[in-house]
Ligand SMILES: C[S@@+](CC[C@H](N)C(=O)[O-])C[C@H]1O[C@@H](n2cnc3c(N)ncnc32)[C@H](O)[C@@H]1O
Ligand SMILES: [Zn+2]
């Protein structure tokens, strides 16, 4: 069947059922991810004028590479699947777009040539491809991870194994996954003397997507391997949390709030910001009306621009359940927290998630006069 996204129309195979099939892979649900990729590439080129080459390293139907080629990037599409290569070639041709299409394993291809921007969009964990990506990309590494259960601690052994860190299953699971992923990617980049700056990152439904601006300098790598990393501690009884910087964990002996000793420690993970607000604003400005997810994409950027840099978020419904009270309207709740002198913002993790500098008790006091 034909699919139009932005400026391109491509042929994609019918996907049978939910599981992995033999057909070349295409997921319509990832349109938001692809629309934002196009907006990020556009914003990035303005910031880094010398960036010209884009490797869509796991191209499948070629849709991402075709959309980047339509923007004027010098595109290479690669895939190990010969049927994907044939389809990507014909999809570039039907849109009159230039671009190389190679039947290559991304790990082999990247050791052969440098690129300015690489896009790693695998089934599951990106870690098997991270070494080659950071060693051989000059400017920007774009990465999707769909293995959210290992990343957020729900599949503990697999998370530890893949990300060389301890993830924990908390009530802020999507952010746990995002920070475990960024921490592991930064440590991988550091092995090649590459420092990373996550200029745009989002956790959406079943995946985490991040764009890492690379600096090829040992001092930058030191910063992202050591200063930007740390641990998150979480009380399993009362939802209290705190963090510590650095690669040596320093957990509280008991919860300072409820004295429980059921404190879980997660890390090492990324504790610095995961978006650059100014860059995110310019991504929002580059979302175009011909994108199928334009409204959601702009809204996501706006939320990310306003989201506080606190290392974890709360779910208001979960808190209210814990307090045994009905949940007040979200805007009124956040206003009450702000009126009590704290910062508060909605979070991009959906539903009633938010970030705040207030403690749990301060939030409860602030919200006590609000009805459901
Ligand atoms: C999730 S799909 C990519 C989807 C595509 N980027 C999109 O936006 O529609 C993953 C693709 O990676 C390919 N692949 C798996 N291992 C690979 C490797 N080592 N090198 C290159 N491609 C690989 C698969 O054949 C598959 O087509
Ligand atoms: Zn506690």
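Every residue gets a Cβ built from N, Cα and C, even glycine.
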(request) Look at the S-adenosyl-L-methionine binding annotation in TrEMBL, where 34, 64, 105 are given, and name the residue from 79, 131, 139 listed for that site too. (result) 79
(request) Report the residues of the chain - excluding 235, 238, 255, 258 - with C-beta within 8 Å of the mean position of the site's C-beta atoms, for the recorded Zn(2+) site, in sequence order. (result) 236, 237, 239, 240, 256, 257, 259, 260, 262, 263
(message) For a Cβ distance below 6 Å to any atom of ligand 2, name the binding-site residues from 34, 64, 105 that qualify, or say none.
(response) none
(request) Translate the DSSP assignment of residue 64 (S-adenosyl-L-methionine binding site) into the three-state scheme. (result) helix
(message) Can you tell me the CA-to-CA distance separating residue 34 (S-adenosyl-L-methionine binding site) and residue 258 (Zn(2+) binding site), as a whole number of Å?
(response) 45
